[in-house]
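Features of the protein shown, as given by Swiss-Prot:
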ACT_SITE  D313  active site, proton acceptor
BINDING   K22, S23, R27, S169, S170, Q171, S197, D313, N336, K340  3-phosphoshikimate binding site
BINDING   K22, G96, R124, Q171, R344, R386, K411  phosphoenolpyruvate binding site
Amino acid sequence: MESLTLQPIARVDGAINLPGSKSVSNRALLLAALACGKTVLTNLLDSDDVRHMLNALSALGINYTLSADRTRCDITGNGGALRAPGALELFLGNAGTAMRPLAAALCLGQNEIVLTGEPRMKERPIGHLVDSLRQGGANIDYLEQENYPPLRLRGGFTGGEIEVDGSVSSQFLTALLMTAPLAPEDTTIRVKGELVSKPYIDITLNLMKTFGVEIANHHYQQFVVKGGQQYHSPGRYLVEGDASSASYFLAAGAIKGGTVKVTGIGRKSMQGDIRFADVLEKMGATITWGDDFIACTRGELHAIDMDMNHIPDAAMTIATTALFAKGTTTLRNIYNWRVKETDRLFAMATELRKVGAEVEEGHDYIRITPPAKLHHADIGTYNDHRMAMCFSLVALSDTPVTILDPKCTAKTFPDYFEQLARMSTPA
C-alpha cells in the first residue's frame with residue numbers, strides 16, 4: 001500500500017484559496033441539470049464525488065462542458081425530471097452526495113435505473129430514504145441487502161404526505177426536498193427524530209432558492225412543497241470554498257501558527273462547518289472573520305466538552321486537534337460518524353490510540369486525553385479522505401506521522417498534502 005510520511009512541522013503560515021465545497025458542488029450540478037436554461041458553475045470541486053455525479057448526469061443525457069482544470073462547468077438543464085434513454089446502471093463510487101439525491105430525483109416519472117457503488121457504499125444505510133420515497137408512490141427494489149444499495153428505481157414518485165427519519169443522515173431530507181417541487185402533487189414532509197447536521201439542510205434550501213424554488217419550513221419539523229414547479233437557472237453560480245476542507249488549515253494555524261488564512265468562505269458562507277472556527281476560538285485560538293475569509297492565529301489550546309451534531313464532518317478535525325490541547329476533550333452527539341465513508345468513531349478511536357492518546361469510544365461520543373509525547377505510527381485511513389487529512393496534523397508535533405493510502409483525499413481535496421507542505425516550515 002502506498003504511504004506518505006510527514007516529517008515534523010515547526011510552523012504553518014500563509015493563505016489558501018479553498019477548493020469548491022463538495023456539498024454545494026453536487027447539489028448545484030443536480031439542480032442545474034433539472035433546471036430550465038443554461039448554468040455556468042465556477043469554482044466547482046474537482047474530486048471523485050463530483051466526477052461520479054457528472055458521469056451519472058452524462059449517462060442521463062445531460063449536456064455539459066468542463067474547463068481544462070474541471071472547475072468551471074457549463075451545463076444545459078433538462079427543464080424537468082431526468083429521463084434515462086433505456087434501462088441504465090449508474091456506478092456512484094462512495095459518493096453519498098450523489099447516491100442519495102439521485103435516488104430521489106430518478107424516482108420522478110418512469111425510469112428503470114440501477115444505482116450501485118463501491119463495497120463501502122453497499123454498507124451505508126439508505127432504508128429511511130427508500131421508505132419515504134415509497135410513501136410518495138416510488139417503486140424501488142433492493143437488489144442485495146435490505147435497506148442498502150444497490151437499488152432498482154422504477155419511477156412513480158408523485159408527492160403527498162411523507163415522513164422521513166432525520167436521525168441518521170440529513171442527506172435523506174435533502175434528497176426529498178430537491179425532488180418534491182418536480183412531483184405532480186404537493187408534498188408535506190414530516191421529520192421524525194432529531195434532525196442531524198441541520199446546517200446541511202440550510203445549504204439545500206439556499207440552493208433551491210437560488211434556482212427559483214422556495215418552500216415552507218416549519219421549524220425543521222415539517223416542510224411543505226408545492227408540486228408541479230420548475231427550477232430556473234440563475235445564469236452564473238459561484239461555488240463557495242469547502243468549509244470542511246478549511247478545518248485542517250485553520251486547526252494547523254491554531255496549533256502551529258503564525259496565522260493561517262483560508263479564502264473562499266467567510267461570515268456570509270451558507271455552510272454550517274464555518275462554525276468550526278468558533279470551536280477553535282473556544283479552545284484558545286484567535287479567529288478573524290471577513291466576508292470571504294477566516295484567519296486563525298495560534299493560541300494556547302485547552303480541552304473542550306461539546307455537542308458536535310451541527311458540524312459532524314469538521315468535528316473530526318477537533319479530535320486530532322485535541323492531541324495538542326491541555327486536558328481531556330469530549331465530542332458528543334456524533335453517532336452519524338458511524339454511517340459516513342467509514343465508521344468514523346471506531347476509526348478515529350483506533351488511530352488516536354496508535355499515536356498514544358487515551359481514548360474512550362462511546363455509542364455517540366468520543367473522549368480524548370493526549371499523551372505527554374505523541375508516538376510515530378502508520379495511520380490507517382479506511383478509504384476515508386477526512387481520516388487522512390485529520391491525522392496529517394500529528395506532524396505539527398515533534399513526531400513524524402505516516403499516512404497510509406494518502407491518495408484517498410481525492411474524494412474532496414486531491415492536492416491537500418501539497419498545499420499543507422507549501423504553508424509549512426519543517427522542524
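Just so you know, glycine gets a Cβ as well, placed from its N, Cα and C.
Owing to the predicted nature of the structure, the values given are computational and were not obtained by experimental measurement.
Overlay of Swiss-Prot annotations on the structure.
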residue: R27; record: 3-phosphoshikimate binding site; DSSP class: helix
residue: G96; record: phosphoenolpyruvate binding site; DSSP class: helix
residue: R124; record: phosphoenolpyruvate binding site; DSSP class: coil
residue: S170; record: 3-phosphoshikimate binding site; DSSP class: helix
residue: S197; record: 3-phosphoshikimate binding site; DSSP class: coil
residue: D313; record: active site, proton acceptor; DSSP class: helix
residue: R344; record: phosphoenolpyruvate binding site; DSSP class: helix
residue: R386; record: phosphoenolpyruvate binding site; DSSP class: helix
residue: K411; record: phosphoenolpyruvate binding site; DSSP class: helix
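All protein chains considered, the CB of K411 (phosphoenolpyruvate binding site) has 23 other CB atoms within 10 Å. Proximity note: of the listed recorded positions (S197, D313, N336), S197 have a CA within 10 Å of the CA of Q171 (phosphoenolpyruvate binding site), given in sequence order.
Taking the Cα atom of each, K22 (3-phosphoshikimate binding site) and G96 (phosphoenolpyruvate binding site) are about 11 angstrom apart. Those residues noted as binding 3-phosphoshikimate (K22, S23, R27, S169, S170, Q171, S197, D313, N336, K340) have their most widely separated CA atoms at a distance of 20 Å. Checking each of the binding-site residues (R27, S170, S197, N336) against R344 (phosphoenolpyruvate binding site), the C-alpha distance stays within 10 Å for N336. When other Cβ atoms within 10 Å of the Cβ of S197 (3-phosphoshikimate binding site) are tallied across all protein chains shown, the result is 23. When the Cα atoms are compared, R124 (phosphoenolpyruvate binding site) and R27 (3-phosphoshikimate binding site) turn out to be 20 Å apart.
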